[in-house]
Amino acid sequence: MLGDGRVLCLTETIKGSIQVDPDTLDTVGKFQYTDKLGGLIHSAHPIVNDTEFWTLIPDLIRPGYTVARMDAGSNERQFVGRVDCRGGPAPGWVHSFPVTEHYVVVPEMPLRYCAKNLLRAEPTPLYKFEWHLESGSYMHVMCKASGKIVASVEVPPFVTFHFINAYEEKDEEGRVTAIIADCCEHNANTSILDKLRLHNLRSSTGQDVLPDARYTHTNHDYSRHSNLLRCTCTGADDRGSRCRVGRFRIPLDGSPFGELETALDPEQHGRGMDMCSINPAYVGKEYRYAYACGARRPCNFPNTLTKVDLVEGTAKNWYEEGSVPSEPFFVPRPGAVEEDDGVAISMVSAKDGSGYAVVLDGKTFEEIARAKFPYGLPYGLHCCWVPRNRNSK
């Protein structure tokens, strides 16, 4: 939902942006930008608040990214700056990205767009992407106010669909020394794309098909990354495995390398986690809690809801046998002061084919309400909260 109350359905192609009526769910029409920034694709997850909208526009001709912002109530994106890719032959996929109060973080991972595949109608092994591990992985940081790049560091290879949040790390004198960015990480390879194929999702009960943070690994040679901090993972084996909550530390002192480590023991959430949300008041700020879909194994799909505490390193999980929950979205209680004072809501496909919305207490993560629908719910991946008073902003 935009800051002016308009509700959009977005995908990664700009022409696929649709405006809907939030009361009737009728299609209002295509959402079109009125600027001349162009672009074929953009991030499917812009950063939106009451006053502005931030997005990334990958450049497939001159590999890089345009960083743009748009005021609430407008359809005109404004150019903020450009990030040139350090690897190639194309920009890394940017399904999502994080921001802080003063900076935009632009990820560049080795799962890269392929213009040829984007234009082809037939299936390709990695859909519209290609895997270029040798091209390197990078994190870029741009100042929101000036559009200048203040950091560009190499990091260990990674794959993520969804960033959780980012914030600024400061020294004792209040100077920003680094950016911390958290994501739901899916190993440094393309295994997640294969596991999401329909025949795997339809696998019989009892098969553990969902990618496992404990055992999936990469054979990448880290010798040229001798100064990079390797991912560490409590409870994982020693085969280069990736943990599901990856935490980047991006120094702003000119260092050429960033760090990638584990923010949470993956055993806490079943060694699988994605579809994350946080208290919207904490976007771009230091935070503690996140709400996501997790796993109770064996499973072929995320089948739990989880509240993770990134300070204590623990998680609370909700599970109902045979149910498939979608992204839990956090709704703070009006007037709330504490970060987890509110509810987490998820749309759930039940074992018997019916559908319901489950409401969990944001603090205890205990179920406090359930609204059953007179029809089934297909799995919807993402959800959003549209407040009744949206037009009063």
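Cβ coordinates come from backbone N, Cα and C, glycine included.
Among the candidates His42, His45, His199, the residue that TrEMBL annotates alongside His95, His162, His382 as binding Fe cation is His45.
Long-range Cβ contacts of His95 (Fe cation binding site) within its own chain (separation 6+, distance under 8 Å): Glu12, Ser43, Ala44, His45, Thr160, Phe161, His162. The binding-site residues in question are His45, His382, and the one with the fewest Cβ neighbours inside 10 Å is His382. In sequence order, Ala44, Ser96, Phe161 are the residues of the same chain, not among His45, His95, His162, His382, whose CB sits within 8 A of the CB centroid for the Fe cation site.
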